[in-house]
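Pulled from TrEMBL:
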DOMAIN    39-327  domain 'Tr-type G'
BINDING   48-55, 113-117, 165-168  GTP binding site
Ligand SMILES: Nc1nc2c(ncn2[C@@H]2O[C@H](COP(=O)(O)OP(=O)(O)OP(=O)(O)O)[C@@H](O)[C@H]2O)c(=O)[nH]1
């Protein structure tokens with residue numbers, strides 16, 4: 001918490017000198033050992049629409065935490081979290097970067113800065129899997145944009161704080177953005193916004209211009225202004241006049257909202273504060289906001305302009321004050337739903353009441369030119385020590401851990417131990433072939449090789465539910481420039497898809513063509529760039545093409561393999577259906593395919609196999625993926641939405657030495673089953689996209705005509721965009737569910753740039769419409785130029801994968817013409 005005194009506040013006063021050295025925070029110590037007191041850890045994700053200012057805000061956080069000595073800037077390409085060459089040259093975040101830093105009173109913040117572009121949605125999904133809460137950044141001019149809506153929904157019930165950024169820009173509206181937030185996410189849910197601070201505009205000495213200069217702190221009733229020349233200097237003043245009046249109204253509104261849910265605060269308000277709003281203590285308000293944020297009853301809202309260094313320290317305070325520690329977060333989602341789990345304040349998450357059980361989840365793999373493969377893990381329970389023997393419950397492999405690191409985006413710090421709640425990195429040669437994204441690692445917290453002490457049936461079979469990978473929608477063919485480059489191309493592709501499992505490779509056995517598939521044009525563009533420039537693959541690429549799929553509408557014959565050595569194996573391929581009783585289901589990668597194994601209690605228990613059941617199942621899964629990717633009978637498009645069912649009576653010989661032997665058998669059975677299925681039992685599928693358009697009202701007719709005609713779009717809705725900024729700025733109160741929350745009115749700030757002036761005119765004088773539609777991806781490629789010409793450059797659009805849809809025979813013929 002801040003110590004309030006009127007005057008000038010700098011980093012030096014907090015104990016950090018200008019070179020970023022911490023004198024009073026015990027940061028260096030707790031970061032170097034990897035141990036932190038669990039209640040003082042925050043695992044947060046920074047999420048938002050593209051360009052909202054996530055990386056800019058993260059860079060300021062790192063600077064104020066003393067981690068970086070100068071403020072990195074996306075526009076000059078010297079940020080710590082966007083360290084890939086492609087990120088720096090394009091000024092966008094491509095992969096989520098994890099970084100740990102200290103903040104006040106020995107808190108450790110583990111932060112993941114996520115990309116905003118829709119093509120990198122998998123990066124957001126995997127970050128959301130391992131963080132406990134989110135900081136949502138909003139652009140104060142644009143309000144809640146399409147990708148913010150998406151990530152808000154994806155983050156489900158994780159507690160959130162909102163930071164309304166870019167308050168310095170012309171057209172910025174605090175009021176409009178909060179209205180937008182409430183309308184899109186809170187109305188009818190019982191969740192309410194809580195204004196922690198609101199913007200302060202300073203009137204310029206000449207003219208009537210106001211410039212965004214700081215914030216009014218509602219809880220402490222102070223004005224904080226940042227110096228344009230010195231990022232470390234904050235001046236704290238008492239309030240008077242309109243600011244004081246607005247702050248009091250905000251505080252009353254805050255107390256009214258909180259007391260609706262919090263009996264403890266009601267008691268404090270009536271007894272200690274004697275019903276006087278001004279006497280309600282900051283401590284009680286902060287405790288109440290924390291409690292209700294964790295319950296998703298309220299969302300604290302702050303504002304600032306990260307680019308101008310305004311408002312970032314209060315945001316960091318809000319992170320540690322209001323967001324959950326790992327012992328207050330949601331429990332992990334395990335495959336075995338009956339395993340008991342709870343939080344213990346000392347050891348963190350306690351799984352199966354076994355405090356020695358360490359469970360970690362591998363959520364990201366990167367390849368460093370010096371350190372080789374590194375795996376990001378989130379530790380859920382217990383501790384991970386370097387040198388521990390670890391069991392990978394996803395693959396059934398055992399291996400010894402090498403060095404552990406704490407991530408610092410671009411650089412990392414070696415540690416001996418990673419504790420529950422931490423996000424860390426595994427390195428060393430032993431992880432090379434033993435860990436992939438989505439794997440669960442299990443070990444004994446105290447013993448170097450204590451796996452034997454676990455209950456094999458229960459504890460070593462535990463898995464954290466895997467990350468769901470959306471299907472790729474675009475592909476590009478790739479071939480080595482010379483035959484001698486083939487091996488290095490395969491290695492480079494392998495590295496690429498290990499790092500980013502939302503990329504995939506399909507191989508056409510007939511034509512020999514290799515296709516790299518991804519989530520969108522930009523995704524593949526970046527992948528191509530990485531292949532050639534970072535991984536030095538000497539390759540040629542074909543045209544970008546839509547990723548079509550095939551599916552089956554009927555079950556295949558049951559195919560059986562049996563031999564004298566004791567193998568017996570039968571399977572069939574069928575369309576996905578509802579869960580089958582007495583079966584175990586395993587997802588098969590990206591195409592909504594599954595492996596279904598009829599349960600047989602005999603397996604593993606009685607077989608006394610030399611290799612683990614998990615590694616056998618893993619081999620079966622790998623061969624299923626290959627078998628289904630060979631494609632269907634219509635056009636060899638990869639199979640989608642299919643299940644491979646292994647029948648109950650399967651047997652493998654007791655002396656089986658390697659599960660690899662099973663690979664070929666399974667693959668051949670799948671190919672035989674699919675070959676014998678007649679062509680009329682196959683359907684072709686094409687990707688359908690959700691399209692969000694914002695267009696001037698005057699162009700709605702022509703744009704809709706083009707969409708429904710040539711582009712075969714189905715229009716879902718056409719709505720007015722929210723009222724324009726000028727009309728909203730006068731409305732300072734909006735209705736919530738049954739109550740009203742006070743938001744101070746906006747002041748239109750100075751016009752900074754020509755672009756901003758144009759944007760302001762556009763926003764003020766042109767009513768816009770929001771169109772939502774579904775459209776085949778094939779019809780919406782290269783739409784940017786078309787929309788530009790139909791809307792005189794004023795239309796904007798966003799597309800996002802919706803689902804795969806069956807195509808008619810005529811359409812299939814027209815699709816086949818594209819190849
Ligand atoms: N005027 C103004 N510009 C800002 C502010 N914060 C960020 N920007 C600018 O907005 C642009 C995008 O900023 P980023 O930090 O890269 O945004 P992002 O959300 O990380 O972008 P992606 O990760 O690519 O989605 C850059 O040009 C920043 O300089 C702000 O407070 N005010």
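Backbone N, Cα and C define each Cβ position, glycine as well.
Of all the binding-site residues listed here (54, 117), the one with the fewest other CB atoms within 10 A of its own CB is 117. Within the set of binding-site residues 51, 114, 167, 51 have a CB atom less than 6 Å from some atom of ligand 1. Every protein chain shown contributes to the tally, and the Cβ of residue 51 (GTP binding site) ends up with 20 other Cβ atoms within 10 Å.
Counted within 10 Å of its Cβ, the other Cβ atoms near residue 48 (GTP binding site) come to 28, all protein chains included.
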